[in-house]
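Working notes for the structure below.
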Amino acid sequence: MAFLEDGNHTIVTEFILLGLTDDPVLRDILFTIILCIYLVTVSGNLSTILLIRVSSQLHHPMYFFLSHLASVDIGISSSVTPNMLANFLVKPNTISYIGCSIQFTSAVFLATVECFLLAAMAYDRFVAICNPLLYSTKMSREACIQLVVGSYIQGLLNASFFTLSFFSLIFCGPNRINHFYCDLAPLVELSCSDVTLAVVITSISAGFITLTTVFVIAISYSCIFITIMKMHSTESRYKAFSTCTSHLTAVTLFYGTTMFIYVMPKSSYSTDQNKVLSVFYMVVIPMLNPLIYSLRNNEIKGALKRYLGKKIFSYGNLFCKTHYNDTHQV
């Protein structure tokens, strides 16, 4: 049942997600593409986490943050992708009121955590390049744990503000969300109550998160670039800058898309364009992050080669021993 009668009002109990398209051919194509992206996202980020855990060479603060970033990327993608895939197969694709709030809250929580993790990683690079002698002190295990825990706490705080805003909205009319997941903008459009308070609270909260993390990242990289330019050796400059390129690429993709979706005036682009940007933000970027950090990072590539080399060597020894035993038994 999509509606309940509450006195003189009709209360929405479930929503219909319209998804990306109604074209049956395009739906099949998109289903295949997004399913492949999701599988690569989960496998790629899990591989990153496992590689960091098993490789002692990667037991450094930067990779500690990266392992948490990979976990968050799996969560972000998993919060919307399974439901999006179901939308391609089932019509209409409904989601309950509580289910919508859970999806909405989890997406906000994980995106906020990612913002602060990216800021923590920028600070880590700042200390490593600008204050290398103090690196072991400033980026101790305790400090790294505090930064990660702080990221999750900020995620919970921001998600709580968005959750309260969601439950302050009353839905008594149309229940068709013109999106592939429960996002704030289409929910506000469907609300039949005053949305001013909800919009103000979420705008202030999201604005604070964005400005704080962007400020930390901008200051960190400004100091990094100044330090790099002061280096006399070209090789030293290249080595220092190469340690930042992966993170800088990830930051540019994440914040560039975020700014376009949530900062640009809605009149400047259509709802369909917003959906495409949201797919890139929620589905594609979590897949790209492990590729960015692995392809542009010599330490990760080296650890992967060593790990695969050990596996191949152990399997080779096992095969030789088995073959040797079989030969002598004959």
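Glycine too: its Cβ is placed from the backbone N, Cα and C atoms.
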Check: Asp124 and Gly302 same membrane side, Swiss-Prot record: yes
N-linked glycosylation site: annotated position in Swiss-Prot, out of Asn8, Asn325: Asn8
The one of Cys100, Cys192 whose CB sees the fewest other CB atoms within 10 Å, among these disulfide-bonded residues: Cys192
Folded-back contacts onto the transmembrane segment (241-261), same chain, C-beta under 8 angstroms, at least six residues removed: 111, 114-115, 118, 121-122, 125, 128-129, 210, 214, 217, 221, 224, 228, 274, 277-278, 280-281, 285, 288-289, 292-293, 296-298
Interface-richest range of 29-49, 103-123, 200-220, 275-295 toward the transmembrane segment (137-157), CB pairs under 8 Å: 103-123
Secondary-structure category, per DSSP, in which Cys100 (disulfide bond) falls: helix
Tertiary contacts of the transmembrane segment (275-295), as residues 6+ beyond its ends and Cβ separation under 8 Å: 20, 34, 37-38, 40-41, 44-45, 47-48, 66, 69-70, 73-74, 76-77, 79-81, 84, 107, 179-181, 183, 246-247, 249-250, 253-254, 257-258, 260-261, 301, 304
Whole-number mean of pLDDT values that fall within the topological domain 'Cytoplasmic' (124-136): 92
